[in-house]
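Colleague: Not my notes, these are from TrEMBL:
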type: TRANSMEM; residues: C:29-50; note: transmembrane segment
type: DOMAIN; residues: C:48-570; note: domain 'Cytochrome oxidase subunit I profile'
type: TRANSMEM; residues: C:70-87; note: transmembrane segment
type: TRANSMEM; residues: C:120-139; note: transmembrane segment
type: TRANSMEM; residues: C:200-224; note: transmembrane segment
type: TRANSMEM; residues: C:244-266; note: transmembrane segment
type: TRANSMEM; residues: C:286-309; note: transmembrane segment
type: TRANSMEM; residues: C:321-343; note: transmembrane segment
type: TRANSMEM; residues: C:355-376; note: transmembrane segment
type: TRANSMEM; residues: C:388-413; note: transmembrane segment
type: TRANSMEM; residues: C:425-447; note: transmembrane segment
type: TRANSMEM; residues: C:600-617; note: transmembrane segment
type: TRANSMEM; residues: C:623-642; note: transmembrane segment
type: REGION; residues: C:672-691; note: region 'Disordered'
Amino acid sequence: MSSSAHPGINLGGGDPKAQRESETPAFGFWVFLMSDLIIFGVLFAHYVVMTGARAGGPGPSTLFDLRSVAAQTFLLLASSFTYGMASLALKHQRQVRPVAIWLIVTAALGAAFVLLELRDFVNMVGEGGPPQRSGFLSALWALTGLHWLHVTAGLVWIATMLALLSRFGLSDRNKTRLLLLGLYWHFLDLIWIGILSVVYLGGLA
Amino acid sequence: MKDDARSEMRRYAIGAVLSAALTLLAFWAVMSHGMARSTALWIVGAAALAQIVVQMRCFLHVGSSSKREDLHLILFSLVLGTLMVGGTIWIMSSLHDRMY
Amino acid sequence: MADPIFGRLDWTVTPFDDFFRDPSINEGVAAAAASAVPLGAVAVIAFLTWKGLWGPLWRDWLTSADHKKIGIMYFVLAGVMMLRGVLEGAVMRTHQVTALDGGVLSAEHFAQLFSTHGTIMIFFVATPLITGLMNYVVPLQIGARDVAFPVLNQISLGLTAAGAGLVMISLVIGKFGTGGWTMYPPYTGTTFSPGPGVDYWVWAIGISGIGSTLAGINIAVTIYKKRSPGMKFLRMPIFTWTSLCTAIMMIYAFPALTVSTAMLALDRSLDFRFFTNDLGGNMMQYANIFWMFGHPEVYIVVLPAYGVFSEIAATFSAKRIYSYNSMVIATSAIAVISFTVWLHHFFTMGQGASVNAAFGIATMIIAVPTGVKVYNWMATMFRGRVRLSVPIIYLVGFFFLFVFGGLTGVILANPTIDYQVHNSQFLVAHFHNVLIPGVLFGVLAGVHYWFPKAFGFRLHEGPARLEAYLWFGGFSLAFLPLYWLGLMGMPRRSASYDNPAFEPAMWLAVVGAAMVVGALGVAIWNFWASARDREALACPVGDPWDGRTLEWSIPSPPPEYNFYALPRVNTVDAWTVEKAVGHPYEMAPRYTDIEMPRSTAMGVVIGGASAAMGFAITWWIWWLAALSFAVIVAALIARAFVRETTRTIKAVEVEVAHRAFLREASRTPAVGRDDEIAPDNLGHARPAVPA
């Protein structure tokens with residue numbers, strides 16, 4: 001790996017052309033992610049400010065199901081790892097098949113995460129905790145809901161990526177797209193660490 | 001080439017194992033019920049920061065071999081994020097104290 | 001309750017209906033304004049059809065991914081919106097001379113006017129003006145062929161235009177919100193503003209805000225990644241530096257706006273409790289989050305204007321910018337400090353004195369780098385051979401007026417004083433006093449400066465000077481009296497007043513407003529007259545002002561790929577040095593094939609679908625909202641499958657074009673600075689003094 005690659009660019013010496021061409025999009029995507037990070041940051045700050053604004057509604061101890069949260073956490077961590085395997089397959093095996101298989105595994109783990117959290121959302125409504133109930137719940141739903149939407153959008157992206165791979169194979173543009181998708185997917189896990197710590201564990205400590 | 005693949009594989013594996021361990025640590029701190037709330041929060045916070053660093057290093061390959069502009073970008077984002085989050089909490093807690 | 005097909009739309013939502021039922025002056029003004037939109041649209045459509053321009057408009061402009069054309073389209077958009085914004089200001093001033101115990105307009109109409117005026121001027125005039133300017137100029141100044149992401153650039157423009165379109169539609173269908181340009185809840189929540197007005201604002205701002213974020217990313221990455229060989233950061237022109245800082249600020253500030261508008265939208269459409277009075281909502285958080293964007297936004301729009309002034313101070317004084325490094329440091333310092341002052345917009349909210357003091361001090365500190373810049377510009381002009389032409393007139397006007405406005409800002413930065421004058425006309429005077437002489441004078445100077453680059457002919461100097469003097473005088477009369485009114489206790493945003501002592505100042509202000517409208521008229525006339533006389537004003541060789549930076553080394557208008565061969569840069573003011581000691585206008589050693597982005601309808605599709613989505617949610621037409629969103633997603637996915645996104649221009653073709661240009665340059669006599677505004681100035685400069 002050259003000494004001055006962007007973080008996340010991991011095509012290595014094997015494919016210098018694709019590596020060069022992916023520099024600008026990779027940097028641009030990093031900048032985009034940092035902008036997205038500010039969105040999450042503001043929502044985190046809002047959540048912290050609003051933790052007391054329950055207006056008589058339910059709070060963390062009634063709403064949060066730590067077992068489900070733990071399951072989601074490990075699903076997302078595992079999917080981040082399997083995406084790493086997809087990146088390694090892209091770099092070292094340079095065939096569509098292993099890359100696609102790891103992508104499908106990642107998507108399956110991601111889908112499980114999305115469904116589990118969806119179940120939590122439904123349960124929260126059942127326990128009298130829809131976002132309309134209080135300022136605290138609005139903040140909670142905004143933060144976790146936005147992350148959930150991000151992961152769902154990531155699933156759509158993975159599906160599109162698989163279609164692109166079957167259509168164009170490991171073209172230079174597809175390699176770049178795989179890099180960006182990887183940045184996105186790992187980034188979502190980073191945000192989840194924040195949500196886990198501030199919202200769920202912080203709320204129940 | 002082969003060695004490259006193996007060492008990179010190891011790096012991902014280390015990242016995953018460390019992340020899992022730090023997650024467990026954080027869960028333990030909250031679920032063990034044995035410690036003071038502030039201690040548990042400190043452990044959760046430290047574990048979260050450590051895990052973010054681990055994933056940045058092992059999954060996103062951010063490090064000393066990255067381009068300088070990316071490090072600047074990430075550090076600058078952290079500075080501004082801290083300003084916004086910290087400022088908000090400071091302002092709103094001051095407001096809160098004076099209103100109740 | 002809402003119709004499944006038409007939501008809450010019906011035939012009573014237009015101002016015409018109101019006028020029919022209540023034919024007063026108030027409703028007449030509203031109906032006339034509402035007629036202007038469809039009449040203007042019909043006139044434009046008729047003109048395009050008559051001239052057979054639909055094809056060229058679609059092929060050469062709307063689907064173009066060329067940063068130069070996108071920059072010009074930003075200006076056209078901002079120009080149309082500015083026309084409306086200025087006229088609204090004039091209507092408000094006219095109302096205010098009659099507003100002693102009453103006034104011709106209803107209070108609600110007046111509230112709509114100040115809300116749309118502010119919204120338009122900030123989001124759809126100032127922001128697109130500076131975005132357009134950066135789009136046009138930055139790639140030329142850094143020696144690039146286009147921006148980093150040309151199609152994304154088009155989408156940014158489409159999103160901005162979608163927001164502007166929603167504000168325009170609100171004039172005809174329904175009414176705009178009355179909560180001011182910041183739309184503070186809980187007043188703008190559904191309890192107190194149930195109508196569609198606030199929704200128009202939310203979606204116009206939300207959509208265009210995302211466009212601005214993407215534009216910021218694009219410009220920042222362009223500057224990071226697309227500089228010509230040898231152009232290190234400390235060799236970039238100051239305008240590029242200010243653009244870089246502005247772009248970075250856009251990346252970090254606009255997300256806060258996206259969040260605050262999205263939260264307001266959730267409150268309004270899905271009954272969330274972010275900012276409501278009841279159930280734990282916290283309306284103070286809205287002010288907090290909004291101004292985390294709002295204050296950096298002020299510097300987002302003013303920094304590029306500082307950049308323009310830096311360029312023209314150097315060019316029209318024939319001197320290097322004084323203390324380049326301190327200029328760069330001051331610009332960067334402003335960019336960072338501007339994220340630490342947002343609380344000064346709500347000193348009176350109720351937080352403790354120490355919080356206020358900290359933000360007040362930060363606010364005063366930010367005046368220091370700004371002051372450094374003013375001294376640098378003056379030092380640049382000192383002992384220079386200054387040509388007193390239009391850009392310098394704006395610069396000198398800026399010196400007087402902007403410093404005044406900045407000083408009143410330092411006064412307001414003191415929380416104890418702010419407690420006295422907040423929400424008064426003093427504040428109105430202050431922010432107009434920084435935004436008009438700061439942003440607008442800068443952009444107008446920039447337009448005069450770069451217009452010949454974009455179109456190949458200069459603007460008439462005489463009318464442009466008249467325009468500049470009218471802006472200077474009109475601004476001074478229209479706004480400086482408001483300081484006095486504010487200190488007398490006249491509140492802002494009130495439709496009427498009961499103190500007869502305010503009236504004389506209001507008359508002064510209306511005269512000023514008339515002069516500003518006159519300035520706008522002269523500007524429009526000058527564009528038309530200059531286009532008519534474009535033969536006599538032509539400057540095809542491209543360097544009419546003896547410019548210092550790379551954009552002046554290429555023809556006017558530039559070829560779509562900008563540079564025949566990418567220039568090598570080894571100093572600041574590269575073009576001046578080249579003219580003084582190098583070999584300007586020479587063939588390149590070799591030419592290469594150039595890949596340029598193909599035209600695409602992505603910007604039109606995404607912009608159009610976003611506008612439809614915003615309109616649909618405003619009027620509760622849920623099927624249309626879902627459909628528009630699906631179109632956006634489908635378009636983005638479909639775009640990924642397009643294989644041919646670029647086309648190649650052959651090296652031979654470039655070489656031939658370059659040779660033709662050099663032949664024209666060598667045939668054209670070089671003119672000195674004394675003949676700068678004479679018809680002889682065809683754009684081949686004879687340098688005034690050695691660099």
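The backbone N, Cα and C atoms fix where each Cβ goes, and this holds for glycine too.
Mind mapping these onto the model and telling me what they sit next to?
Modeller: For the transmembrane segment (C:29-50), same-chain residues at least 6 beyond its ends with a Cβ under 8 Å from one of its own Cβ atoms are 14-16, 18-19, 57, 91, 104-105, 109, 168-169, 171-172.
Mean pLDDT for the domain 'Cytochrome oxidase subunit I profile' (C:48-570) in this predicted model: 96.
Long-range Cβ contacts of the transmembrane segment (C:70-87) within its own chain (Cβ-Cβ under 8 Å, at least 6 residues beyond either end) map to 61, 64, 116-117, 120-121, 124-125, 128-129, 131-137, 153-154, 157, 160-161, 164, 167-168, 447, 454, 516-517, 520.
Beyond the ends of the transmembrane segment (C:200-224), by six or more residues, the same chain brings 115, 119, 123-124, 127, 131, 134-135, 138-139, 142, 144, 147-149, 152-153, 155-160, 162-164, 166-167, 169-170, 174, 176-177, 179, 183, 188, 236, 240, 243-244, 246-251, 254-255, 257-258, 261-262, 264-265, 268, 610-611, 613-615, 617-618 to within a C-beta distance below 8 angstroms of the stretch.
Note on the transmembrane segment (C:286-309): residues 122, 126-127, 129-130, 133-134, 182, 184-185, 237-243, 245-246, 249-250, 252-257, 259-260, 263-264, 274-275, 331, 334-335, 338-339, 341-346, 349, 373, 377, 395, 398, 434-435, 438-439, 441-443, 445-446, 449 of its chain, located 6 or more positions outside it, place their CB under 8 angstroms from a CB of the stretch.
Below 8 angstroms of C-beta separation, residues 309, 312-313, 316, 344, 360, 363-364, 367, 370-371, 374, 377-378, 381, 421-422, 426-427, 429-430, 432-434, 436-438, 441-442, 444-446, 448-449, 459, 461, 464-465, 468-469, 471-472, 475-476, 483, 676-677 of the same chain, each at least six residues beyond the ends of the transmembrane segment (C:388-413), sit close to that stretch.
Tertiary neighbourhood of the transmembrane segment (C:425-447): same-chain residues 75, 121, 126, 129-130, 133, 137, 298, 301-302, 304-309, 311-312, 390-391, 394-395, 397-398, 400-402, 404-406, 408-409, 412, 467-468, 471, 475, 478-483, 485-487, 490-492, 523, selected by CB-CB distance under 8 Å and a gap of 6+ residues from either end.
Long-range Cβ contacts of the transmembrane segment (C:600-617) within its own chain (Cβ-Cβ under 8 Å, at least 6 residues beyond either end) map to 7, 62-63, 65, 151, 154-155, 157-159, 161-163, 165-166, 169, 199-200, 203-204, 206-207, 265, 269, 623-625, 627-629, 631-632, 635-636, 639, 642, 645.
Sequence-distant contacts of the transmembrane segment (C:623-642), counting only residues of its own chain at least 6 positions beyond either end whose CB sits under 8 Å from a CB of the stretch, comprise 4-5, 151, 600, 602, 605-606, 609-610, 612-613, 615-617.
Look at the region 'Disordered' (C:672-691): DSSP puts its residues at 3 helix, 1 strand, 16 coil.
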Colleague: Would you mind listing the long-range same-chain contacts of the transmembrane segment (C:355-376), meaning Cβ under 8 Å and 6+ residues beyond its ends?
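Modeller: Answer is 306, 310, 321-323, 326-327, 329-331, 333-334, 337-338, 340-344, 347, 399, 402-403, 406, 409-410, 413-415, 418.
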Colleague: Using a Cβ cut-off of under 8 Å, list the residues of the same chain at least 6 residues beyond the transmembrane segment (C:120-139) that approach it.
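Modeller: Long-range Cβ neighbours of the transmembrane segment (C:120-139): 67-68, 70-75, 77-78, 81-82, 84-85, 88, 145-147, 153, 156, 160, 163-164, 167, 181, 204-205, 208-209, 212, 215, 219, 222-223, 226, 239-240, 243, 246-247, 297, 300-301, 304-305, 308, 435, 439-440, 443, 446, 450, 454, 551, 562.
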